[in-house]
Amino acid sequence: MEGHRKVELSEALALGPDWRHACHALLYAPDPRKLFGRIPMRFAVLMQMRFDGRLGFPGGFVDAQDSCLEDGLNRELREELGEAMSAFRVERSDYRSSHIAARPRVVAHFYAKRLTLEQLQAVEARAPQAKDHGLEVLGLVRVPLYVLRDGEGGLPAFLENSFIGAAREQLLEALQDLKLLDPGIIAKLKIPDSK
């Protein structure tokens, strides 16, 4: 979404019928484990490798038969992540933000859903059996929420990847607002320009 800008949900929902709505969700869970026995994981955060080679969040376009944004999002999550998604539902209370882009005329709505680590691991385990696995979705990845001693490995290296639309900005905003990442780490990050 070139030239995307953030808008309020009410403004996004008031746009005319020539606008398409897409919904995506950051799924996360507390993770008490430590990498190599010393680097706290804090949280597990899922993203996916998309068919176009970019990183993004699971979700997709809301269809005419979907009664609301969240129905469309939950349908897309089941298609992309499989039946483990039936154990919970992303609701309006999980809504975070909306971004619009004039070309194409798309509104991207962003949600964040907290799961248990067991629920998140079930999603990861069953995703390869999902309808869209190997097609729209090439695989799931966890976001490394740490910085290695060299100052480049972990999250800084992850952010160098190519992200779709506003996904990088949505990720960083959610990490900060949901307190999934130590604030000191965010302050030290060199955020690459959107690719």
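Cβ coordinates come from backbone N, Cα and C, glycine included.
Fair warning: this is a prediction, and the values are worked out from it, not measured in the lab.
Per Swiss-Prot, the range carrying the annotation motif 'Nudix box' out of 61-82, 83-104 is 61-82.
Counting residues of the motif 'Nudix box' (61-82) by DSSP class, helix then strand then coil, yields 13 helix, 1 strand, 8 coil.
The substrate site is set by His24, Arg50, Phe57, Gln170; from the centre of their CB atoms, other residues of the chain with a CB within 8 Å are Ala25, Leu26, Met47, Gln48, Leu55, Gly56, Pro58, Gly59, Ala108, Phe110, Ile164, Gly165, Ala167. Long-range contacts of the motif 'Nudix box' (61-82) within the same chain: residues 20-25, 48, 89-92, 109, 111, 123, 126-133, 136-137, 140, each at least 6 residues beyond the stretch ends and with a Cβ under 8 Å from a Cβ of the stretch. Here His99 (Mn(2+) 4 binding site) is compared against the binding-site residues Arg50, Gly59, Glu76, and the shortest C-alpha distance is to Gly59.
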